[in-house]
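Taken from TrEMBL, the feature domain 'B box-type' covers 113-153. If you look up TrEMBL, you'll see 179-263 marked as coiled coil. The annotation domain 'DUSP' is assigned in TrEMBL to 371-482.
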């Protein structure tokens with residue numbers, strides 16, 4: 001009573017704080033002895049059963065103070081959306097007894113009761129607007145939300161719970177799939193260990209056999225060389241002995257001749273030394289053609305050994321490359337398993353958001369999905385094997401950028417030039433190293449295939465551009481496949497185009513340089529010249545080739561012929577001539593004089 005009297009003293013209107021009924025005159029307050037006794041009895045029973053009105057509520061429940069209780073305030077159990085107040089068990093009895101209060105909407109006690117009230121109409125929110133995605137009251141549906149799709153809050157909450165259950169079931173399935181994947185990975189790891197042990201045993205056997213074979217070949221080779229050396233030594237010893245024997249016989253013959261040379265009996269000299277026997281020498285061999293071959297004839301053997309060494313080195317390099325690639329991919333399955341949380345393509349575009357109030361599953365937009373590195377490597381590798389066909393378009397890619405990309409995707413294992421760094425993103429395709437300057441789109445001279453640039457077919461170029469983009473300010477360097485060779489024809493990418501000097505017959509000082517492929521036709525050159533010099537389509541024209549000797553050759557009869565077939569060379573001057581209005585041509589056909597002199601003759 002004191003509380004209510006104090007409230008009415010400070011208010012102009014006398015209103016019941018519970019049912020909101022207003023009184024024209026201030027009524028006199030009296031104590032209802034019946035209700036007072038009943039309330040006192042109820043309070044005593046409640047205090048005996050529980051401590052619902054104690055100062056400290058249970059720790060596991062959120063404490064919401066009763067708006068009616070004075071100090072100490074009890075713990076509210078319900079909040080009334082019509083009254084805008086929270087009540088403990090004792091003060092809630094009025095809502096259970098009074099007929100008007102029974103119609104009020106009660107919810108579990110909450111602190112932020114104003115969130116459950118319409119800020120505009122000060123009414124309880126009972127509906128949910130699906131158009132504006134917010135809660136509204138009944139009065140709102142008569143105003144701003146009159147034509148909107150509104151449903152009861154309970155219905156919308158039920159749908160949200162159904163979505164949460166569906167998402168929860170999906171997450172549980174994903175957990176089960178991943179637990180199953182863990183078992184598969186464990187089994188795969190065990191199987192990998194067994195296969196590795198087998199591979200180790202097999203590799204040891206292969207290497208042992210290889211080493212044994214090399215050692216056997218080495219032993220046989222050394223044994224053969226030793227036998228040949230001994231045979232040579234025996235041959236040399238035999239020849240030396242034979243030579244020593246002949247030397248002994250020759251010395252004996254020399255001694256006999258020396259004695260005859262000093263005799264004084266001329267008759268005796270002529271008798272015992274006739275002229276026919278004087279020149280007789282001991283039986284000896286002709287040693288001029290006898291020699292020991294010092295050449296071991298090792299050229300073929302050395303060549304075979306070098307080939308064997310090169311073959312072994314190449315095979316070891318291939319094996320090292322394979323091992324390096326396998327080493328790079330060792331961590332990839334686990335990483336792929338970690339990143340591939342969603343197994344289906346649709347799941348890969350779902351983002352799970354967990355907060356204290358809601359669980360949402362929303363799509364993730366990917367404007368340009370880039371495949372994994374292994375897929376990139378496989379696709380570009382296959383496209384690099386594309387055959388050259390006449391008329392196809394290929395693109396130049398700077399070798400420095402391409403090698404960095406190859407390192408990034410795990411393409412290379414041996415890099416003799418040490419170009420590129422592993423696991424470093426290459427960035428957009430950058431061909432600046434091929435260009436003469438940043439402003440010009442002309443490529444440098446004397447570029448070498450594979451050393452300075454790599455050639456990619458159109459499909460490969462488009463894939464790289466879609467994955468990495470092109471450096472700002474650069475244009476694609478596209479080149480046509482043309483046929484080269486006079487007798488033996490072969491297809492080749494025309495890296496360097498033919499630069500032609502174009503001018504108009506009426507102003508041959510104004511020369512514009514343009515580059516054309518050998519596969520371009522004379523008709524395409526004429527079209528380009530018409531655009532350059534602003535010649536209308538209905539105007540008849542003809543083309544001339546101008547040579548250093550100041551002679552001219554018509555090209556009209558070769559409109560469908562290519563640049564190569566027309567014999568146009570680097571720096572060739574082409575002149576386009578427009579027909580006069582009277583049907584004549586400015587240049588006199590059949591003469592080799594300069595066009596300027598012809599103009600004078602015509603005038």
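Placed from the backbone N, Cα and C atoms, the Cβ positions cover glycine too.
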Average pLDDT across the domain 'DUSP' (371-482), rounded to a whole number:
85
In the domain 'B box-type' (113-153), how many residues does DSSP call helix, how many strand, and how many coil?
8 helix, 11 strand, 22 coil
What does the DSSP secondary structure composition of the domain 'DUSP' (371-482) look like, as residue counts for helix, strand and coil?
36 helix, 21 strand, 55 coil
